[in-house]
Amino acid sequence: MQASSASPVTDRLRAALREAAIAGIIMIGIALPLVGFRLQETPGQGLGIAYRFDQVVIAGVVVAIGRFLVALFRPELQQLRGRLAQGGARTVRGGRVSQTAIGIAACLLAFALPFLPIADRYIVDTATTVLIYTMLGLGLNIVVGLAGLLDLGYVAFYAIGAYSFALLATHYDFSFWMCLPIAGVMAAFLGIILGFPVLRLRGDYLAIVTLGFGEIIRIILINWGALTGGPNGITNIPRPSFFGAPFTRTAAEGEVPFHELFGLSFSSMHRVLFLYYLILVLVVLTAVIAARLRRLPIGRAWEALREDEVACRALGVNATRVKLSAFAIGAMFGGFAGTFFATRQGFISPESFTFIESALVLAIVVLGGMGSQLGVALAAIIVVALPEMTREFAELRMLLFGAAMVLVMVWRPRGLIGTRRPSVTLARFTS
Amino acid sequence: MNAMTKLMLSACAAALLAAAPARADVTFALGIPATGGQIAAIGAQARLGAEAAVKAINDKGGIKGEKLVLEIADDQCDPKSAVSAANQVVSKGIRFVVGHLCSGASIAASGVYDEEGILMMTASATSPELTERGMKLVFRACGRDDQQGVVAAKFIADKFKGKKVAIVHDKQVYGQGLAEAAKKTLADAGVTPAYEGSVNAGERDFSALVARLKQEGIDIVYYGGYHTELGLIVRQARQAGLETRFVGADGLATNEFWSIAGEGGAGTLFTFSADVKAKPSAQSVYEELKKKGEPDNFAFYYYAAVQTLADAVARAGKEPEAVAADLRANGFETVVGTFRFDAKGDLIDPEYVIFEWRDGAYAPTKL
Amino acid sequence: MGYFVDQLINGLTLGSVYGLIAIGYTMVYGIIGMINFAHGEVFMIGAFISLIVLLLLAQLGVAAVPLAILVTLVLTAVFTALWGFVVERIAYRPLRGSFRLAPLISAIGMSIFLQNLVQLLQGARVKPLPPVLTGRIPLGSIGDHQLSVAVVQVVIVVVTVVLMAGFSLVVSRTALGRAQRACEQDRRMAELVGVNVDRTISLTFVFGAALAAVAGLLYTIYYGSIDFFIGFFAGLKAFTAAVLGGIGSLPGAMLGGLLIGLIEALWSAYSDIQYKDVAVFAILVLILLFRPTGLLGRQEVEKV
């Protein structure tokens, strides 16, 4: 009697201890070479080594204790997790009804942001960056989330948009409003040129080719100095004007500065606010267009292709054309975002268009939950604002960012707002 | 929604806390890459110098009795982050910036500062473009790439007459600027490079380049870029039995060059502002900086930039416009020598000397 | 001609290193169908561990270079393999059976994490190592061009060939290799017939990491300078190599690595060095256009 009641507990304890010991040993094993020894250069003597074995032991003990607790309370934890998952499922299901409502509320909040008492130049500017990434995310979402094409070189279209605008504006005095559609078309055109030969490749082959394409564009930007300014980039890109009224203290002849037009006193905040609202409107437009596209036959075709390419082709869907359209439209939004980026920065150079940007945008799409626009916005806030908020922990911020990416994926593989289900299902028609 | 609002709110709260103004202090922002890779190591050098200067000033009673405070603005050496960091500087109400460290970041951030009437003084961004855009509040307490390239090219044309010259750079703002200036000067002197090429920063394999230099029979290579790449090029050249002489710029003035290149680095030449560590006037600062590790040139120049700016603020008050006028009007005694600024905000006549690596140390060349 | 041979040797050396890293990509892809983006970082960790071990041995006074390198090789492989194991356990195993992109994003996150971790632990500066293997072996001459090859280049190619041969044997002859191939074919079926799938996948990561560690050691000796960022470039090239050769195929990874090394060297030799990466990717696209699954990849059977 006594034995049978005591043994599960001792068994559990013993098992937990064993797990803890293994975890601790592994931790010491991986920490020993990289934590235990530190390469140090002493001038004149070359590389030396410093020892930090105490930290290795601490790391091992901490991990062992952590593992022990987890192992000891595993059944309880699993129960808790199950309950949380159920609760989560319920909210998601409940939330589905009002996703549009949440979207509208988020928009309203975004429109009101600059009027909140906490909004200063830095906040509004960071919010602008968040919106740029939201726009990129929405564009890539069409390619990856809806059409299921893995694109690791999205930054190329962003760069094309930025450089198209910068070149047209600095050489031919085109205005932002004229360049926006041109840059979009250029990016879309490039998307088609790239997409045409490679879209018959499958999944991961496509990924590496697009990655290579992104790199090629960057290398060309660096090396074609005569056109792109090489590594120096392009400076003095004109800032957008308010329908012809520039945001400057004094305007050139024949122009009225924005603040005089409205009888305000000059403030450089005007431009920051204008840029913020500009990108906000662009993002909302993008979101609406993308949502509409999804309901159109072409959007249905994207999703169908993502779910089962073979079946689609059997049904006579022109797979190449459907993929191309997704690629081109996604590229176009990337081009728009690039144009905006260039006009906001006033200065662009190839270092702003590296692979890590593509990875970040892809992370936004996947973290947000593929196909979900609200998720993209949420993920953009996390990916951009989180590192900004942790500016104070300078050295740790990218470390934490990487860890967060892994943890979110492990915790919610389908993304924060994960609803990758076809927009139409048979169930809706039968019920 | 809930999570989003929370996030937004906490972001705002964090910003509010950070924005609390420090009264009765003079605050300088220091624009450096505190994170973001290898370049962060150079950022740490700049920080070392700037912090030491601030401490020295405060130990002597601050600026007219007001304490000098240094705030780090991390730009990750990236233009986009630099704009963000600049906006944070604006939000905190800081009027003076020391930095930024990198040229791209400096150019991007200077746009924001110019709009907001904030004065910035870099001690390391050497791209000519930075001060060529008519901004009144941008200063540069160091030389420009074009100045250094010219000095090196004149030296090559003078001392290596009739030799086969190659120009190689790393396709970065600094390296390409140097290479282009050198090429132009060489052309004026009637020297046409026998080979021109470039490498990717961050790469390790230069065997193909080395074989090519060997094939073309190059005698002397002008390299625009940093020590990490040139160190490897030299090393691989020696390994392949190529005894070409290399000429570089101030990026080579670090012990790491010798550690990477090894004995083969002997004879490598580079342009450098007259050796700070050898100056008698710099010895006390050198001793001070050495307590936290061997300082390199960046530390001294950022020390000097803080000194200069603090002097100008002490004389002209806390209005950036007035400080700018003062900077243009006066000479400044700093740890690295006397600074005078021209109308563009560049240093007048920065002194460049040709140095030579030999036995793990560099000294003015005897060539 | 002599110049051509020189560049050929350079290309082969570089290609061997790419090939060794590419094997890790290709095996992981073969078995669980994911691009292990953090593999370049595992290689970087291998390079750091090898440098630390080499310096420790030097401090202990191990003077015989071949012995030191052999000991380093074993220790580095063991410790780096442990890293590979842990990375898989933390970042990928919980995501098994999840949708395709989840492990990819997790891998990108892991890659950022490891890069910054090593930067934090070991500092951002470049870590130099004085030349370990010096000397050149003369190979005669063509015309007046003296041909020779560096000892370290010979070591790299020989180690790569030996490891490749050994590893191919493991995959084709041992129980582990059979289990691996079974998992590649059909994971669920393999589990049903008694293959321990979790263990097999773990071992795949362990072997991939060990090979990357060897690549890291060779890299450290050859170039003599490493930093926390080397994994990105090398990983990118190795991944390209794996795809070029046909991802999932072991000989393909090696072939792809060699090809990319050769393309880089020969392009740099006869054309603009700055466009060599463009050449690599352009050739990759061309090859994929005509062979959509790479040079030695299995053709996918597709029914419509």
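Placement of Cβ uses the backbone N, Cα and C atoms for every residue, glycine included.
Where the annotation comes from TrEMBL, it is an automatic prediction and has not been curated.
These figures come from a predicted structure and were not determined experimentally.
The transmembrane segment feature in TrEMBL is assigned to C:12-35 (among others). Here the transmembrane segment (C:12-35) has long-range neighbours at 42-43, 92, 96, 100, 103-104, 107, 153, 156-157, 160, 163-164, 167, 180, 183-184, 187, 200-201, 204-205, 207-209, 211-212, 214-215, 218-219, 222, 234-235, 237-239, 241-242, 245, 247-250, 252-262, 264-265, meaning same-chain residues at least 6 beyond its ends whose C-beta is under 8 angstroms from one of its own.
Listed as Cβ neighbours of the transmembrane segment (C:42-61) (distance under 8 Å, sequence separation of 6 or more from its ends, same chain) are residues 21, 24, 68-69, 71-73, 75-77, 79-80, 83-84, 87, 114-115, 118, 122, 127, 129, 132, 208-209, 212-217, 219-220, 226, 228-231, 234-235, 238. The annotation transmembrane segment is assigned in TrEMBL to C:42-61 (among others).
Look at TrEMBL and you will find C:67-87 (among others) tagged as transmembrane segment. Within the chain carrying the transmembrane segment (C:67-87), a Cβ under 8 angstroms from the stretch's Cβ atoms is held by residues 38, 42, 45-46, 49-50, 53-54, 57-58, 110, 114, 132-133, 155, 159, 202, 205-210, 212-214, 216-217, 221, all 6 or more beyond its ends.
Here TrEMBL flags C:99-118 (among others) as transmembrane segment.
For the transmembrane segment (C:147-171), same-chain residues at least 6 beyond its ends with a Cβ under 8 Å from one of its own Cβ atoms are 2, 5-6, 9-10, 12-13, 16-17, 19-20, 23, 69, 73, 132-141, 177, 180-181, 207, 211, 214, 218, 221-222, 250-251, 254. Annotated transmembrane segment per TrEMBL: C:147-171 (among others), in sequence order.
With a threshold of 8 Å between CB atoms, the same-chain residues lying at least 6 positions outside the transmembrane segment (C:201-222) that come near it are 13, 16-17, 20-21, 23-25, 27-28, 31-32, 36, 39, 42-51, 54, 69, 72-73, 76-85, 87-89, 92-93, 96, 129, 132-133, 152-153, 155-156, 159-160, 163, 167, 170, 176, 180, 183, 230, 234. Per TrEMBL, transmembrane segment is recorded for C:201-222 (among others).
The transmembrane segment annotation in TrEMBL covers C:254-273 (among others).
Listed as Cβ neighbours of the transmembrane segment (C:279-297) (distance under 8 Å, sequence separation of 6 or more from its ends, same chain) are residues 237, 240, 243-249, 251-252, 255-256, 259-260, 263-264, 267, 271. What TrEMBL lists as transmembrane segment is C:279-297 (among others).
Same-chain neighbours of the transmembrane segment (C:254-273): 3-4, 7-8, 10-23, 160, 164, 237-238, 240-246, 279-280, 283, 294-296, counting only residues six or more beyond its ends whose CB sits under 8 Å from a CB of the stretch.
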